[in-house]
Amino acid sequence: MASLKSLFLLFLFFFTAQSRLTTNFYSKTCPRFLDIIRDTITNKQITNPTTAAAVIRLFFHDCFPNGCDASVLISSTAFNTAERDSSINLSLPGDGFDVIVRAKTALELACPNTVSCSDIISVATRDLLITVGGPYYDVFLGRRDSRTSKSSLLTDLLPLPSTPISKIIQQFESKGFTVQEMVALSGAHSIGFSHCKEFVGRVGRNNTGYNPRFAVALKKACANYPKDPTISVFNDIMTPNKFDNMYYQNLKKGLGLLESDHGLYSDPRTRYFVDLYAKNQDLFFKDFAKAMQKLSLFGIQTGRRGEIRRRCDAIN
C-alpha cells in the first residue's frame, strides 16, 4: 500500500510540475531563446560529433538523482565538494559542460538574468537528440536552478555500468519510473562511448553475455588500457553516431557493452521490451520521447524556489 501511495504522489508531482511550466515561458522575456540554443548546439555538434551523447548523459546525471536543477554544473569550492566532482561524475565529458556554458553566455548577452541553466540543459538535450536522428518532444520551461550541490547527496542514486539490473529497476521505480520507461531511457546508449575501465574486467569471463567475436575485439581494443585509461569503445558499434533502435538489436546478439546493457536482455522483466524496441523503432522513439519529457520534469524547482544563476557553474 505504501508503494502505491508513493507512486500516486509521484504521479501527482509530475502532473502539477507540468501544469506550472509552459512551452513558451520565454516568449516575451527572451524571444530568441530557442534560436540561440539551437545555433549554439548546432555549431558545437558540427565541430565535435560526440556532443549530443555528452549532453544527454549530463542531463540524466543532473535530473535522475534529485531533480532537474542544474546542480551537476556547479563547481566545487574549498568548502564544498560539488556533484560534478563525485566519483560517478568524473567521467562526464567536458563537451557537455562546454556547450551549456556557451549557450548560457550567449543568452546572458541577449537576455540577462532571465534563462535558467536547468532550462538550457533540457532544451539543449532535446535539440541535440534531434541532430543525431532522435525524436522531437515538447520541453516545458520555467525551471529554476538549485542553490546547492553536494557530492555526498549522490550516494547510490545513479546506476553504475556494473549495477545489477534488479537494483537498476529498484532505482528507477523509487523515482516513479516503470520498467518499460527504464528500458526506453536505456536507449540513450544508442550513441556515445564508454571507457574500457567500465567493462574490460568482464570481457573474457564465462557467462557474461558477450558474443565471442565481440569479446575478442574488445580485448584487442582495450589492450593498452592500463597505460592509457582514456581508451574507449562506442556503446553501439553498428551505428555509433546515429540515434536509432540498433542498440536493442545489438543486445539480442551479445553486442552490448556494459554489464547493465547485458542485464536488460538477461532479465525477463526487461527482455520483453528489448525485443519490442528491437523490432519497432517508431515505438521506441515514442516511448523514449515520453520518458525523456517525464524525466525533464522530475524534482524541478519553480516559483520562488531556487534561482536564475548568472553563471551555470556557480551559485549567485
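Backbone N, Cα and C define each Cβ position, glycine as well.
From a predicted model like this one, the values you see are computed outputs, not experimental measurements.
When SER186, SER190, SER194, SER266 are compared with the Ca(2+) 2 site residues ASP236, THR239, ASP244 in Swiss-Prot, the one appearing in that site is SER190. Recorded disulfide link (Swiss-Prot): CYS111 to CYS30, out of the candidates CYS30, CYS63, CYS68. Noted from Swiss-Prot: CYS68 is disulfide-bonded to CYS63, selected from CYS63, CYS117.
The record gives SER190, ASP236, THR239, ASP244 for Ca(2+) 2. Within 8 Å of the mean position of their Cβ atoms, the other Cβ atoms in that chain belong to ILE191, MET238, PRO240, LYS242, PHE243, ASN245, MET246, TYR247. Cα proximity to PRO159 (substrate binding site) (within 10 Å) is found for none of the recorded positions ARG57, CYS111, CYS117, SER190, CYS196, CYS222. Nearest by CA distance to CYS63 (disulfide bond), out of the binding-site residues SER190, ASP236, ASP244, is SER190. The most densely surrounded of the disulfide-bonded residues CYS63, CYS117, CYS196, CYS222, CYS312, judged by C-beta neighbours within 10 angstroms, is CYS117.
Checking each of the recorded positions CYS30, CYS117, ASP244 against CYS68 (disulfide bond) by C-alpha distance, the shortest gap belongs to CYS117.
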